[in-house]
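Enquirer: Submitted below is the structure of interest, expressed as structure tokens.
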Amino acid sequence: MPVTRLKLGKLKVVRRQLLQRYEHQPFVSCLAGLYGCQWRRYQRARAQPGECCCSKVECGSFGLLILTFFLSFLFLYFWSEAQNDYNDFDWFNFGTLGFWFPWSLVLLVIAASLFTYIALLLVLALCLLSEGQRLYLHWSHKTGIVVTLAFSVTATAILSDLWSKEWKTLLLSLQVTAPFLHVAAVSLMVILAWPIALHFFRMNKRVRQVAVLGLYLSVLFTLYLVPLGMYSPCIKEAGTLGPAPKLIGHRGAPMLAPENTVMSFEKAVEAGGEGLETDVTISYDGVPFLMHDSTLRRTTNVAEVFPNRTHLDASMFTWAELQQLNAGDWFLSRDPFGTVSSLSEVDCSQAQNQSVPSLAQFLEVAARSGGLVLFDLRRPPYGHPYSQSYINITLQVVQAHINSSQVLWLPSEDRELVQAVDPQLQQTSGEKASIKELTDGHITRLNLHYSTMSQQQISKYQSENISTNLYVISQPWLYTLAWCAGAQSVTTNSIHILSNIDKPLFLMTPEEYSLMWILTDAVSAFLIIAVFIFHWWRERGLPFWSGSRQTHENGPYSKFRTELSDVWSISSVNVRPDLRSTPSSPSNPHLPTITEE
């Protein structure tokens with residue numbers, strides 16, 4: 001008498017219950033479906049004791065996934081820490097391409113999206129490994145990995161070539177983020193301990209075991225020792241932090257108003273700026289005015305008013321011609337910092353009607369505020385009527401509109417003559433030099449790029465009464481570093497943001513940092529050891545291999561096989577004795593076979 005449909009139905013029910021008992025079916029189905037589009041149970045397989053977690057091709061795919069994860073993270077971290085200079089990057093592209101577009105933010109969004117995609121794939125893979133599943137990555141994800149890898153490598157290479165100084169910014173950022181990155185990396189190693197321990201105790205080849213465990217421990221111990229090489233000016237003894245650096249508005253407050261306009265400087269003063277920075281050019285008829293670029297194309301509507309003179313040097317325009325230009329419309333239309341939407345209607349209306357200001361107008365704003373004034377002076381091109389006397393004209397305007405002691409004189413040309421004419425000016429140098437060279441040149445302040453930041457050098461110059469100003473610092477974390485390093489002042493685009501910071505974002509004593517480091521390493525080591533002991537205990541009844549046959553007499557799989565045998569005892573009830581044979585018996589070819597997935 002053949003096995004009835006009822007008994008076969010019961011057999012399938014029991015089998016399904018057993019499989020669900022030993023496998024989190026919905027969870028694993030979701031993982032395998034998202035990772036390899038293996039939504040059906042028969043499409044996937046578990047990695048049995050002694051087996052590798054995946055084929056050679058899938059091992060290569062998994063290795064490529066890990067490599068892509070780290071390279072995409074490197075680029076995302078590199079580019080996110082470069083936010084301080086996004087404005088420079090976008091204007092560089094404007095000068096190259098001839099039109100404005102926020103390329104920096106687009107690049108950041110792409111990098112973040114690709115990294116998130118790769119990180120999710122890696123999480124799915126680790127979860128599958130933790131469930132003992134064999135990996136199979138769908139071809140579409142393999143394509144996505146290759147695309148992400150190509151993007152990360154190409155973008156990093158191009159930016160390294162065009163903007164190599166940003167690597168210094170990345171190194172500086174580690175002085176703030178390294179302690180937290182260390183904690184995150186060690187936590188990741190703790191999470192990885194679970195799948196690594198699981199497969200370590202199931203491997204049957206000693207060479208493979210040694211390779212996996214050796215690599216894991218090498219990375220772990222390297223992370224444990226990383227803090228020994230950690231340096232940050234913000235790890236200092238209590239009570240040794242100096243006063244916050246003074247804030248000097250870079251071309252005013254360019255996030256709140258069009259740069260180098262009267263409105264911009266007034267906004268900087270309102271936001272709490274203690275100084276103002278600008279750039280001075282001499283008009284064709286001898287009027288010093290404010291303009292950073294060599295041409296008027298970027299920050300005025302010169303293309304509309306003088307369409308045939310857009311590429312002329314700004315100093316080749318007369319003052320009357322300059323007054324015909326609008327210096328505010330571009331700010332509202334291009335929104336270089338993404339801040340226009342936060343401005344009131346009154347501010348937008350005022351910004352729209354800004355004109356190119358003269359040096360005299362700028363100095364009057366500074367004189368009313370009583371703050372410092374820092375400006376660079378561009379020499380007019382050859383053939384300009386005032387190419388030889390531009391310094392004297394500028395000095396005359398300075399002396400007529402502001403107290404000379406408020407002025408940080410940055411131009412290096414004819415410095416000795418300028419010092420002799422007006423000794424009250426604070427001579428400022430844009431280059432590092434020895435103490436002797438600086439004192440001989442009557443230098444009282446240095447104006448240096450933030451990438452040259454050094455606590456030791458700042459302290460050395462300060463001991464000789466030479467102050468240090470760092471430019472351009474707009475991100476709070478960079479301001480924190482400048483504060484901890486002892487800088488006396490910083491030039492910034494975000495004066496309204498930095499003025500609200502009353503303490504460094506990151507500040508620790510050496511004792512606090514050592515405690516944080518030791519606790520992180522000790523707790524992680526305890527958890528990792530516990531994970532390995534747990535897996536050793538769980539797998540201790542599963543001998544790896546016995547000759548060419550696996551044995552599962554005492555481990556967790558033995559119970560599974562025992563209950564499978566119970567299934568056959570259920571199916572054999574009321575069946576003729578001649579039909580009661582093993583499922584694999586040739587005499588019963590029509591009976592279904594139950595195999596462990």
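Just so you know, glycine gets a Cβ as well, placed from its N, Cα and C.
Quick paste from TrEMBL:
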- 62-80: transmembrane segment (TRANSMEM)
- 100-129: transmembrane segment (TRANSMEM)
- 141-160: transmembrane segment (TRANSMEM)
- 180-201: transmembrane segment (TRANSMEM)
- 213-231: transmembrane segment (TRANSMEM)
- 245-502: domain 'GP-PDE' (DOMAIN)
- 515-537: transmembrane segment (TRANSMEM)
Enquirer: Restricting to the same chain and to residues at least six past its boundaries, which positions have a Cβ under 8 Å from a Cβ of the transmembrane segment (213-231)?
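Expert: Result: 175, 178-179, 182, 185-186, 189, 192-193, 196, 200, 513, 517, 521, 525, 528.
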Enquirer: To what whole number does the mean pLDDT across the domain 'GP-PDE' (245-502) round?
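Expert: Taking every residue in the domain 'GP-PDE' (245-502) and averaging pLDDT yields 95.
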Enquirer: Taking the transmembrane segment (100-129) as the first stretch and the transmembrane segment (515-537) as the second, find out whether 3 or more Cβ pairs fall under 8 Å, excluding pairs closer than 6 in sequence.
Expert: no
Enquirer: Please give the sequence-distant neighbours of the transmembrane segment (515-537): residues at least 6 beyond its ends with Cβ less than 8 Å from one of its Cβ atoms.
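Expert: Tertiary neighbours of the transmembrane segment (515-537) are 179, 182-183, 186-187, 189-190, 193-194, 197-198, 200-201, 220, 224, 227, 508.
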